[in-house]
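As given in TrEMBL:
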| type | residues | note |
| --- | --- | --- |
| TRANSMEM | 13-33 | transmembrane segment |
| TRANSMEM | 97-116 | transmembrane segment |
| TRANSMEM | 136-163 | transmembrane segment |
| TRANSMEM | 184-210 | transmembrane segment |
| TRANSMEM | 304-322 | transmembrane segment |
| TRANSMEM | 342-365 | transmembrane segment |
| TRANSMEM | 386-411 | transmembrane segment |
| TRANSMEM | 417-438 | transmembrane segment |
| TRANSMEM | 482-504 | transmembrane segment |
| TRANSMEM | 510-528 | transmembrane segment |
Amino acid sequence: MGGAILPDLGAEILIPVCAIIGIGFSLIQWLLVSKVKLVPGGRDAAGNNSVGKNGYSDYLIEEEEGLNDHNVVLKCADIQSAISEGATSFLFTEYQYVGIFMLAFAILIFLFLGSVEGFSTKTQPCTYDPLKTCKPALATAVFSTVSFLLGAFTSVVSGFLGMKIATYANARTTLEARKGVGKAFITAFRSGAVMGFLLAANGLLVLFIAINLFKLYYGDDWAGLFEAITGYGLGGSSMALFGRVGGGIYTKAADVGADLVGKVERNIPEDDPRNPAVIADNVGDNVGDIAGCKEIEPALKKQLIISTVLMTVGIAIVSWIALPSSFTIFNFGTQKVVKNWQLFLCVAVGLWAGLIIGFVTEYFTSNAYSPVQDVADSCRTGAATNVIFGLALGYKSVIIPIFAIAVSIFVSFSFAAMYGIAVAALGMLSTIATGLAIDAYGPISDNAGGIAEMAGMSHRIRERTDALDAAGNTTAAIGKGFAIGSAALVSLSLFGAFVSRASISKVDVLTPKVFIGLIVGAMLPYWFSAMTMKSVGSAALKMVEEVRRQFNTIPGLIEGTAKPDYATCVKISTDASIKEMIPPGALVMLTPLIVGIFFGVETLSGVLAGALVSGVQIAISASNTGGAWDNAKKYIEAGASEHARALGPKGSDPHKAAVIGDTIGDPLKDTSGPSLNILIKLMAVESLVFAPFFATHGGLLFKIF
């Protein structure tokens, strides 16, 4: 079998160099964004005018447009500060609660994995070759615990950095909108690129360092090394789940409260400063989503296409120089010879399947196409028909993505078995930096519109930020489509690793042990979605009552002569999200433990398979339904076509029906849907981490009876 052209040392150097380049690129984008100053008149901290590329200062441009209001700029800065402080306070409170849970779970990992060999420090025969000796189970317990905590910490830092970047950029995007939608788009997307490239590079670098540090102990025991490093994924996914659920409950409680009372009952604009829930709503955009125009969406779509084409070329080169011409992998006990071009095709099929999923998602969620326009048209006869059309759209949007995932699974498995599926998932995630940039663009542009409204900027500025926001809804849905598709492939490869590590000879759905797990696993995404949806509903109920109370009891609030009590609404969202995020998170984290301990690895394999099949389809449907309802509302509000103008304007009966649909869709697209892809990954990786314990001590009920 031929060796690789690139020596091992070259690969060892190439990986951290790529990570450092990514970090450097993100810092350059940060510097460009920071040139937009939050001071009056487009002046810098020294009081000098900022000069544009044609020699004219931005100050003069604003003067000519009549938009150079110093008070507006100061208001933007104050609003940004309030949003940033609220988001920071929420994250610190959330991390305190989740940190306790993570420490307790880390102790559980050590105790369970250490008990596999009775906390022995003696070497043991390797599972893949009994003639060789591997590191003791106690070492796996220690290093798995360390990697779990490292993954959790990396996820915390990533979430915090993402929030800081989004809140840093929102007001700057608003100010740039005074000069045109193009400048605002560049600022928002550059800010998203800071987050996308920084987080992707940071995750790669931390994982590379962790593997090399662990290697100092494990040496040539690669099986032990990667069994221990699996904890890194478990820690990161665990924190991501709590962050997504908690943040989603926070933002949607505020969003629903602000929309129902403000837009439907009081007929005031979105993000109006008279609305008591408006600050909580804008804070939530940053802690929850971190997750149009005919001109903006194509620009974002081009970014995805360019990234996909460049990655295809890059993967081909890497496959040629870094992989041997052929090599052997183990496929559940049998050997399989794989060529480097076959592995390239596995990665490429995942990469292009992701792009197909992205385009299909755009078609079903963008108001530039007929599906969303049909949903908007259904609002003519009220909210009921709007809901029916939106649900039908979501169900229909599942078809092509599932076929794309199925084809990528079949092709990649045919070429390289479960390893092929794993690298197909890698292919779908290979444009993660661009995907994160596009995803982060959404909350930044959403906040920019809110700040423009609250600062009292002109209607023309709000139209520009609305165009950015409408495109952001579609791009957010595209990002969620990528995440869900890749989660399916990642979970399937982790499922294969679990079956292998737990020494399961075959997963036969005709056996009762597996089948009962299958139907229970298929039910779990519904149970999880019910918990998160009800949590949003309960929190929104309190928010609606508080907003109504303030409108009814604060004299001059609706007239704009009195200020609302923003702090109380922020507290309602914070308290609700912290309280309500624990049960759904516990359901996901505890299910594999309970099933593995009491019912054994065969039943657990059924649970994982059922959750995967069910969760992927619910996630796609929920995300696309919510995105379509949101953009149907914006389609009516924008009035960019004769059809849209016939349904409007704001405040009309069709618009009110669209607002109700949008409000129903909020928890679907921003809480339940995005959390499900984390659910299926987290359950699979957790089962893999605990597989040695389940295989040794699991199935207590079947042993007793």
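Positions of Cβ are set from backbone N, Cα and C atoms, glycine also.
Remember, TrEMBL labels are computer predictions, not curated facts.
Ranked by Cβ pairs under 8 Å to the transmembrane segment (13-33), the stretches 136-163, 184-210, 417-438, 510-528 are led by 184-210. Note: the stretches the transmembrane segment (342-365) and the transmembrane segment (184-210) are not in contact (fewer than 3 CB pairs below 8 A, sequence gap of 6 or more). Using a Cβ-Cβ cut-off under 8 Å and counting only residues 6 or more beyond its ends in the same chain, the transmembrane segment (386-411) has close neighbours at 345-346, 349-350, 353, 356-357, 360-361, 364-365, 371-372, 374-375, 378-379, 420-421, 424, 428, 481, 484-485, 488-489, 492, 616-617, 620-622, 624-626, 628-629, 632, 657-658, 660-661, 664-665, 668. Cβ atoms under 8 Å from those of the transmembrane segment (304-322) belong to residues 4-6, 10-11, 14, 340-341, 343-344, 347-348, 351-352, 354-355, 358, 427, 430-431, 433-435, 438, 478 of the same chain, restricted to positions at least 6 beyond its ends. Within its own chain, the transmembrane segment (482-504) is flanked in space by residues 127, 227, 332, 350, 353-354, 357-358, 401, 404-405, 408-409, 417-419, 421-422, 424-425, 428-429, 431, 435, 601-602, 604-605, 608-609, 612, 616, 619-620, 623, 674, 676-678, 680-681, 683-685, 687-688, 691-692, 694-695, which lie at least six positions past its ends and keep a Cβ under 8 Å from the stretch. Remote same-chain partners of the transmembrane segment (184-210), defined as residues 6 or more beyond its termini with a Cβ less than 8 Å from a stretch Cβ, comprise 15-16, 18-23, 25-27, 29-30, 32-33, 36, 147, 150, 154, 157-158, 161-162, 165-166, 168-169, 172-174, 176-177, 229, 232, 236, 290, 296, 299-300, 303, 432-441, 444-445, 448, 464-465, 468, 472.
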